[in-house]
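Asker: The structure that follows is given in the form of structure tokens.
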Amino acid sequence: MSESTEAPTPAPGHVREHWNELAEEVRQHQFRYYVRDAPIISDGEFDVLLGELNDLENQYPDLRTPDSPTQLVGGGFSTDFASADHLERMLSLDNVFATDELRTWISRVEQETGPDLHYLCEVKIDGVALNLVYENGRLDRAATRGDGRTGEEVTLNARTIDDIPEKLTGTDEYPIPALLEVRGEVFFRLEDFAALNAALVEEGKAPFANPRNSAAGSLRQKNPAVTARRRLGMICHGLGRSEGFEPVSQYDAYTALAAWGLPVSTHTARVTGADAVVDRVQYWGEHRHDVEHEIDGLVVKVDETSLQRRLGSTSRAPRWAIAYKYPPEEATTKLLDIRVNVGRTGRVTPFAYMEPVTVAGSTVSLATLHNGSEVKRKGVLIGDTVVLRKAGDVIPEVLGPVVDARTGDEYEFVMPTHCPECDTPLAPAKEGDADIRCPNQQYCPAQLRERVFHVAGRGAFDIEVLGYEAATSLLEAKAIGDEGDLFSLTEDDLLKTSLFRTKAGGLSANGRRLLDNLDSAKDKPLWRVLVALSIRHVGPTAARALAGEFGSLARIRESSVEELAAVDGVGGTIAAAVAEWFGVDWHQQIVEKWSAAGVRMEDERDESIPRNLEGLSIVVTGSLETFSRDQAKEAILIRGGKAAGSVSKKTAFVVVGESPGSKHDKAVELGVPVLDEDGFRRLLEGGPDAVAESGV
């Protein structure tokens, strides 16, 4: 009995027509991305279009022609630079977007090769592909990917990148090959990208929207001196043709590249089996912002090169490698309007009101624009298609407009001259301020709502039931006049608002919880009281420093600006803001109301805890077994130390837990002492001398 060999159904006319339109749209976006460095849609939106095209071709295989965008690499090359042929074709990578898709790929690979393979997992750099050719150890030429066979020669520009050696070094184990073709990614380190944009703004020029586009534009400058000033980086991640070297594995290839003086990623891991691969995907999904450059996924490669050869390639991508793509952190959407919000300190902030779009795994329709000057600097108009970015837990940000998408119907935003809530004339707090404020601080309804809501925030009293709706309800029902009345609330007060009243007229469960939470909050430490008072510039860090130095609100109030400014972590601006706040009568009334209601206004110092970390900057990275992140921070602060968020030459110690990320690498690079959890405990108990004695 023979198997059926029935031919696949050809695509109907309307499907073929749709395929043609979609393929042309994808080609245009490829051209704008790879050649012009001026995309008008996000990477995520492009992936959706390409995925739709691929799905059509899977359903109707006769649509999959050799010139389909799904079968080609890159977007060709422009005529601005001389063309350069690659010695071996530069392929792209196929993508997966979910762990079950990744496991399916691994299962398919292991059906052909056998189980429990070794895989090399490395972060996927969001940069620009570059091909380097070395002859007898000297850089001969550099070219962009282009269409995978031919790219643009950018040798002079590549020579200006510090990471790219002009001459290779050799070792006994890895002598220099006669010919070596190396593939890698050119990128911007995030701190260098920020510095570049700051310099462009200072020169009155438009900043770049993102590091990837700026890296592409910088690499393709006609004047190499401009490229040199841009401080690009490069990391190598593969080989093309070579004479005199044949790696046994991907890991072996990377070891050789490093021995020759070529840059390789420190964010790689050689693992066995699907579960370990998925673990790496999840780890870097949580730590993608710990890397010095942008990443948009994890690349998984079969490690053994003999198996790579057995698996082979399609016309566009190797079958032995896959890219797991994380949810895109940038998207394009329509800017429907620009509105303003009045904050708790009176600051009037414009914000973007947009068509909802999914970015970084969540739906976003609002994003801050900071102030009127920032709106002008970004050059956004109402009606623009804009690039939106949301990185992890960071507040969504409008990066700028897609100028090429303008229709002529867009129009400029004008900042209001009067408060939209209380109609008070707006003005900067002082001459030269970029922000404008509503000076009606005590009575402006918007500021009142925001201040009451702020009292309950995680950085302040952390009162769960007191959300924005509750704050609004309490004020509108006149259950409170301002935040000063919160800790005196009674059951009768809460019954004035329907939010805390049952249908039968009694106090709801949430009302009871609010009263209980307010009562518990009265014993919170002094630094939380300081944060809750809505003093300009005083966040948890400055509040902890002030509370640690003075111990009571009375002592802080009585201190001079000079005494306040002398506290480590405070400084002149914060000191002046604190002194100014306590000089306002109605502010004093809030403090008096809270004190009368039983809110603790001073800390009880535990004299048994030594101040043995005075002046030391300590960074904690990774997960500790016996300390939460907040507990570790508190333990450092209570001993007089500073719990820093980044590693520098001034860092005294870096405490490393499980999965520490790039801060550990930075510490090693700078020679900063690294402690494990046991070392951290010794440091807390005995200070720096205790860890010095143990040989750290």
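Glycine too: its Cβ is placed from the backbone N, Cα and C atoms.
Okay, these came from Swiss-Prot:
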BINDING   Asp43, Gly44, Glu45, Phe46, Asp47, Ser92, Leu93, Glu122, Arg145, Glu185, Lys301, Lys325  NAD(+) binding site
ACT_SITE  Lys124  active site, N6-AMP-lysine intermediate
BINDING   Cys419, Cys422, Cys438, Cys444  Zn(2+) binding site
DOMAIN    608-696  domain 'BRCT'
Asker: Which of the listed binding-site residues (Asp43, Glu45, Asp47) has the least company, meaning the fewest other Cβ atoms within 10 Å of its Cβ?
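Answerer: Comparing Cβ neighbours within 10 Å for the binding-site residues Asp43, Glu45, Asp47, Asp47 has the fewest.
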Asker: Do you know the DSSP helix, strand and coil residue counts for the domain 'BRCT' (608-696)?
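Answerer: Across the domain 'BRCT' (608-696), the residues distribute as 34 helix, 16 strand, 39 coil.
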Asker: Return only the integer: C-alpha distance in Å from Leu93 (NAD(+) binding site) to Cys438 (Zn(2+) binding site).
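Answerer: That separation, Cα to Cα, works out to 54 Å.
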Asker: Taking the center of the Cβ atoms of Cys419, Cys422, Cys438, Cys444 at the recorded Zn(2+) site, which other residues in this chain have a Cβ no more than 8 Å from that point?
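Answerer: Not counting the recorded site residues, we get Val342, Gly346, Pro420, Glu421, Asp423, Thr424, Leu426, Pro439, Asn440, Pro445, Ala446, Gln447.
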Asker: Roughly how many angstrom lie between the C-alpha atoms of Cys444 (Zn(2+) binding site) and Arg145 (NAD(+) binding site)?
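Answerer: Counting only the Cα atoms, the answer is 58 Å.
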Asker: For the domain 'BRCT' (608-696), what's the mean pLDDT in this predicted model?
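Answerer: Per the prediction, mean pLDDT sits at 85 for the domain 'BRCT' (608-696).
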Asker: What is the separation, in Å, between the Cα atoms of Cys438 (Zn(2+) binding site) and the residue listed as 'active site, N6-AMP-lysine intermediate'?
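Answerer: Between the alpha carbons of Cys438 (Zn(2+) binding site) and the residue listed as 'active site, N6-AMP-lysine intermediate' there are 46 Å.
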Asker: Nearest to Asp47 (NAD(+) binding site) by Cα, among Lys124, Cys419, Cys422 (recorded positions)?
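Answerer: Considering only the listed recorded positions, the nearest one is Lys124.
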Asker: Roughly how many Å separate the Cα of Lys301 (NAD(+) binding site) from that of the residue listed as 'active site, N6-AMP-lysine intermediate', to the nearest whole number?
Answerer: 12
Asker: Drop a 10 Å sphere on every Cβ of the binding-site residues Leu93, Cys419, Cys422, Cys438 and tell me which sphere holds the fewest other Cβ atoms.
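Answerer: Comparing Cβ neighbour counts within 10 Å for the binding-site residues Leu93, Cys419, Cys422, Cys438 gives Cys422.
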Asker: Measuring Cα to Cα, tell me the gap between Arg145 (NAD(+) binding site) and Cys419 (Zn(2+) binding site) in whole angstrom.
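Answerer: A Cα-Cα distance of 54 Å.
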Asker: Could you say whether, by DSSP, Lys124 (active site, N6-AMP-lysine intermediate) belongs to a helix, a strand or a coil region?
Answerer: strand
Asker: Tell me, by DSSP, whether Cys422 (Zn(2+) binding site) is helix, strand or coil?
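Answerer: For Cys422 (Zn(2+) binding site) - judged by DSSP and reduced to three states - the answer is coil.
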Asker: Restricting to the chain of Lys124 (active site, N6-AMP-lysine intermediate) and a gap of 6 or more, list residues whose Cβ falls under 8 Å of its Cβ, or answer none.
Answerer: Ile295, Asp296, Gly297, Leu298, Val299, Ala323, Tyr324, Lys325
Asker: Among the binding-site residues Arg145, Lys301, which residue has its Cβ surrounded by the fewest other Cβ atoms within 10 Å?
Answerer: Arg145
